[in-house]
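Visitor: Reproduced below are the annotations present in TrEMBL:
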DOMAIN    87-508  domain 'Major facilitator superfamily (MFS) profile'
TRANSMEM  139-158  transmembrane segment
TRANSMEM  167-186  transmembrane segment
TRANSMEM  192-212  transmembrane segment
TRANSMEM  224-246  transmembrane segment
TRANSMEM  252-271  transmembrane segment
TRANSMEM  337-355  transmembrane segment
TRANSMEM  367-387  transmembrane segment
Amino acid sequence: MKFEDLLLETGGFGRFQILILVMLCLPRINLPMHFLLHNFIAATPSHHCAIPHQEAFVNLTMEEVLLISIPRESDGTFSSCEMFSQPQFHLLLNSSLQSENKSIIQRCQHGWVYDHSQLISTISTQWDLVCEQRGLNQATATFFFIGVTMGAVVFGYLSDRFGRKTMLLLSLVCSLVFGMLSAASVSYSMLAITRALTGVAMSGVSLIVLPLAMEWVDIQHRTFTGILTSIFWSVGNMLLAMVAYLVREWHWLLVAVTGPCLLSIVCLWWVPESARWLIAKGKVKQAHRHLLRCARMNRRKDFALSPEALTRMATDKKPSGSYFYISLFKTPVLRKISLCSGVVWFGVSFSYYGMSMNLTGFGLNIYLSQFVFGVIEIPAKMIMYVLVNRVGRRQSQAWTLILAGLCIGANIAIPKPFTSLRSVVAIMGKGFSEAAFTTVFLYTSELYPTILRQNGMGYTSFVARLGGALAPLVFLLDEVWRSLPEVTYCSVAVCSGAVAFLLPETLNTCLPEGIEDIE
């Protein structure tokens, strides 16, 4: 007897499964509030060099003080990183007479003055992470995703070894602790370390929530479950925009997005361990207890299954030895799946975070951009709910990723003055990118067998977070060529989408239990 047959006997998809999904929605909502938090805590408001001895210019307006102290850029705006070594009073007579003498222009010598009308405090304004220090500002997102990358390896293995629920609880507790420590950071070094550790902990939440939900639902409702948990991510996207709009100080914003972890810990009390995992590990009594509870809640009073029958199933399915990440590459089919899915995950994450962290290039303020990007994800997920069941997982995965890349590439060719057209194309690209992310979570959880599922998810998540860690740093390539970041995102998305065609189709197939089911 397969586990899917057991689930059907306990009601298939009923009140028990709905309870699990409701309890797991909060940690899923909380994820993007940390993963995309960099957009707000590291936002850089408009700024210019601090002008010394400003009291000497009491007879001048602020605009005139800036005119004689700060050179203008080619677009007419005041420079953010340069100042005149001496006041240029002649500019008061004719502001168009910008000096060609570069020797009188120098880098900021006395710090910076920031526009606090939109952002009261960010890490950029607190530690002056602008101009020459701009790379450190972008690196805070990279530190977080490096932590997520490390966490994917750790929690992928541990959740297969010690159980889904136990490791989810551990990751939530650590997320709460390190998130609060981040909010209390008194130096950039402390923030970088605590954000990296928060990334490690949050990786466990990202990695475990979906497989734990998927392992309790039947074949017919797997797609629904995958799409629903993905919609929770989009809700978190929109909530982040609203919370960030209300809380403009970065310390308190970190507290606001970390606090829900405490409620998630409480909700986890009602979530059972995966019976599928318990049977695979030979823990029959616990699996039997959870299955009886499932049948009782789903009002299947006729359900009767002896522990002995589960023991026989466990004996048939129990792995002959321990499995590690190297097991993903030992057999031919599994090796091909692992290599191709790694490339796909890298492309999905790299292009998604490349678009999600480019809020200022959207033409709206950062709060509205974040909210719109969250809203557009929901219809994209609804469409994917139909497509993955009609055209299959493989075709959906490949084409959404390729189209996301083509939208990024199209915006390179569209002239800057066509802001409305560029915005529409950007929204379409974000929708395709999110559709690709939605599909890859569902698809990957169906590709790997139960005994290696969390190892497989851990490996692919590791590769994806490498993409997430590199994505914010690619923005720095605009100093080499203004369009180089977009060219990079486009190329990676299209190439990784093409690789998705090499993966097997999983539509309407049973979840594999052992490696032999894959081979």
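A Cβ is built for glycine as well, from the same backbone N, Cα and C atoms used for every other residue.
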Visitor: Do the transmembrane segment (252-271) and the transmembrane segment (367-387) share at least 3 Cβ pairs under 8 Å, sequence separation 6 or more?
Guide: no
Visitor: When each of 167-186, 192-212, 367-387 is checked against the transmembrane segment (139-158) for Cβ pairs under 8 Å, which one has the most?
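Guide: By the under-8 Å Cβ criterion, the transmembrane segment (139-158) pairs most with 192-212.
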Visitor: How does the model score the domain 'Major facilitator superfamily (MFS) profile' (87-508) in terms of mean pLDDT?
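Guide: Its mean pLDDT is 87.
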Visitor: In the same chain, which residue numbers or ranges, 6 or more beyond the ends of the transmembrane segment (167-186), come under 8 angstroms Cβ to Cβ?
Guide: 27, 34, 151, 155, 158-159, 194-195, 197-198, 200-205, 208-209, 212, 251-252, 254-255, 257-258, 261-262, 264-265, 268, 271
Visitor: Excluding the flanking five residues on each side, which residues at least 6 beyond the ends of the transmembrane segment (337-355) place their CB within less than 8 Å of a CB in that stretch?
Guide: 145, 328-329, 373, 397, 401, 404-405, 408, 426, 429-430, 433-434, 436-437, 440, 443-444, 447-448, 456, 459-461, 463-468, 470-472, 474, 485, 488-489, 492-493, 495-497, 499-500, 502-504, 518
